[in-house]
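Feature list (source: TrEMBL):
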type: TRANSMEM; residues: B:14-35; note: transmembrane segment
type: TRANSMEM; residues: B:56-88; note: transmembrane segment
type: TRANSMEM; residues: B:108-127; note: transmembrane segment
type: TRANSMEM; residues: B:134-152; note: transmembrane segment
type: TRANSMEM; residues: B:172-193; note: transmembrane segment
type: TRANSMEM; residues: B:224-243; note: transmembrane segment
type: TRANSMEM; residues: B:258-291; note: transmembrane segment
type: TRANSMEM; residues: B:298-319; note: transmembrane segment
Amino acid sequence: MTGQTPALRLEGIVKTFPGVRALDGVSFSVMPGEVHALMGENGAGKSTLMKVLGGIYQPDAGQILIEEAPTVMASPLEAKAKGVVFIHQELSLADELSVAENVYLGELPRKSFGRVDWDRLYADTERILDRLKVGFTPQTLVGDLSIANKQMVEIARALTVDAKAVIFDEPTASLTDAEKDVLFEVIADLKARNVGIIYISHRMEEIFRITDRVSVLRDGQHTGTAITADTNEEAVTQMMIGRKLDLSRNVAHHELGDVALEVRNLSCGHLYKDVSFKIRRGEVVGFYGLVGAGRTEIAETLFGLRDPSAGQILLDGQALRITSPTDAIERGISLVPEDRKGQGLVLGMNCRDNMTLPQVDDLKAGPFVAEGAEVAIFDQYRDRLDIRTPGWKQLVGNLSGGNQQKIVIGKWLSMHPNVLIVDEPTRGIDVGSKSEIHNLIRDLAAQGYAVIVISSEMPEVLHVADRIYALFQGRITREFTSEDVTEDSLVRAISGLADNGGAQVA
Amino acid sequence: MQAGTLSTFLKRGAIWGFILFELIFFSVAGAFLSLSDKAFMDLDNMLRLFKQSAPIGIIAMGMTIIMINGNIDLSVGATFALCAIVLLDSLTWPIFAGLGDWVIPVSWALALLTGVLLGAINGLIVWKTGVDAFIVTLGSMLGYRGLVFMYNGEQPTSHLNWTLVDFAETQFLGLHTATWFLLAVTLVIWFLMTRTIHGRNAYAIGDNREAAVNAGIRVGPHMMINFMIIGFLAALSAVVFYSESGSVNPNDGELYELWIITAVVLGGTKLTGGAGSVISTFGGVLAIQLLRKGLGHIGADTSTVNLVIGLILIAVLYLDRQLNRKGAEELKI
């Protein structure tokens, strides 16, 4: 490939956010007609890199070159105009419009008097859809399409311009095998037309099936590039996780109690299927999987936010139906949600009021709220969780992420739960507070709480959990204990790859 | 049948089914309850119904665009009154005295221009400040109404021009002038929303604003144009109506915005934007007018009419929600 001009090249890209060096001198190139895989764990910097490339972020240092010409990407629109096209994982479509209108959104062909040239629009779209071999017409309403077909519409959009480089971000996340084959044909077709392709995915089998080279990012740094044919899954995994973990594995040093919560064959539509697990008092159980594997949806079901379509939930050995969050709270199930600011806290309210939110009804003195009792509860948990705030009057929105998370945890502890579910406990929290939250979770287990930790960060689950359930596409693929877990087998389990050793869960 | 086709069919066809139901109900009920010996579906009665639908119907076409675009305009009633004053007052201005009846097109133009200008002010504020259209037009509703009162205090503004009255009362092919205007506006706006780039972009903006922005659609200018269109239509509605009546009270047009929004929503346009149809809005306007007339025909008073329309509106929105639910996968509230 030497001697050829790269379709796209990144040179020494640096991007820092307050407190984090998200990209630390990343260089990377794609040749015309090459499929180049970009891999890395969550938080390794892949999405930041793509946002720099797409003009959403401006790099602090380094440059982007298209066919060796330095370029500034000021906006997503400019990136597209320059031939760099994204196929996003999250769909960005207008459901009430037709396929053709979505494909040419913002660029509808024009006739006199500002009229849409429907004939040309449909003909042009038809030609693109033919290349994609899809089973719908340009006139179909996008809202009537399946997720996979919507993805095809996104891809069709990329084919409307003369693309030099196309970036696929986890394109197969919601596709069936047959649909994947079609997608790979499309990629092969683009490749034959000398388009450079960046392919982001966690799935090893796909990487080895369709890519020419693999580049790996870790902690914002480019750890290496290999020719796919000359490497293997082990070597790539090694590049991805390479660090020596300074986090010790945790094993419960205390006696475990009875089974607090058991779930048998729980299903919810196509979100997750046939999920079974149990958790004892005093135990921390980790749920590890990629975004969209069904982790959060399981938690939401346990908290009464979703109705399961099948299966049983047993609390202390008794089967029950949880119909609402109020119901869940009464039975001692608490959820610290994924989106702390959006779902966990009322940012414009003060610390005390946030802390006592679920129990104000019980803290009444006559018709009024018993403020004294509220303050007493706040003080108790401030001391117990070491929440640093000038006082209870402080607005929660002004606290640091770590202290905000402690308020949410304190809120539930004050309700005396049996089972505490923590979804992404340290998302957006700085490194120092992270370990504090981890220790807090361990302490809670030692005090006899049953804790479920949902996380997409491997070091985190390895560090805090006594047992880990690996999830892949809505199913629990494997169960690990802290003795038999290895990083490699964990990566395989959440990518849907087989592995020998470890207990296989049906 | 594909999933979703049934609910789509129900939603699109529902308003016409409802109108049919009204016609049958009031014809039958009218035969027993009505004090008049004329049938409800008498031709003259139906022609009058179209004519009476015009003032609200013309503006409702503009409101449909605004709501498909993801906005709302509460100031249309005040705009309507202000434009009516400009029309009637300018007919008597001394500088136009030498024009004779040629003053009519001049006054019409002035009134329409006023409407466009008031709409442009709304649109410009929404575009440039990013403040929600609900708040902006709530403010301008009060502001424009204030201007109406400043013009002539509590007094009505009156001027009858007999040429205008003759024009307004003409029946061409049986239909009144106002009805022709309503039909023409419906046709033009239907064409705008289904056939032009501006219209299709308005749908895209209301449906998924982020996607529209990412696709390079200039959201602000589109919104401003739509506010100018609704301003123009509010003025047109005033011009058509007051050419005939010749007298405007400072309270005229109050609550118009609510009747208009009711008609648009009954027609199936989503409050959150992105979906809606001009033809269905036409149905919504007729349905409301039929209900008012029909309940009057069987002897109900105005307060009963309002109560019934309110209940129907809530029932329609509830049905719509049931048809649109995605079933078990939806988060509960």
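Here the Cβ of each residue, glycine as well, is placed from N, Cα and C on the backbone.
Of the Cβ pairs linking the transmembrane segment (B:224-243) with the transmembrane segment (B:298-319) and spaced 6 or more residues apart, fewer than 3 are under 8 Å, so the two regions do not touch. Residues 71, 73, 75, 79, 82-84, 86-87, 90, 133, 136-137, 140, 144, 220-221, 223-236, 238-239 of the same chain lie 6 or more positions beyond the ends of the transmembrane segment (B:108-127) yet place their CB under 8 Å from a CB of it.
The stretch in closest packing with the transmembrane segment (B:258-291), judged by the count of Cβ pairs under 8 Å and taken from B:14-35, B:56-88, B:134-152, B:172-193, is B:56-88. By number of Cβ pairs under 8 Å, the transmembrane segment (B:56-88) is matched best by B:134-152 from the list B:14-35, B:134-152, B:172-193, B:298-319. Between the transmembrane segment (B:298-319) and the transmembrane segment (B:134-152) there are fewer than 3 Cβ pairs closer than 8 Å, counting only pairs 6 or more residues apart in sequence, which means the two stretches are not in contact.
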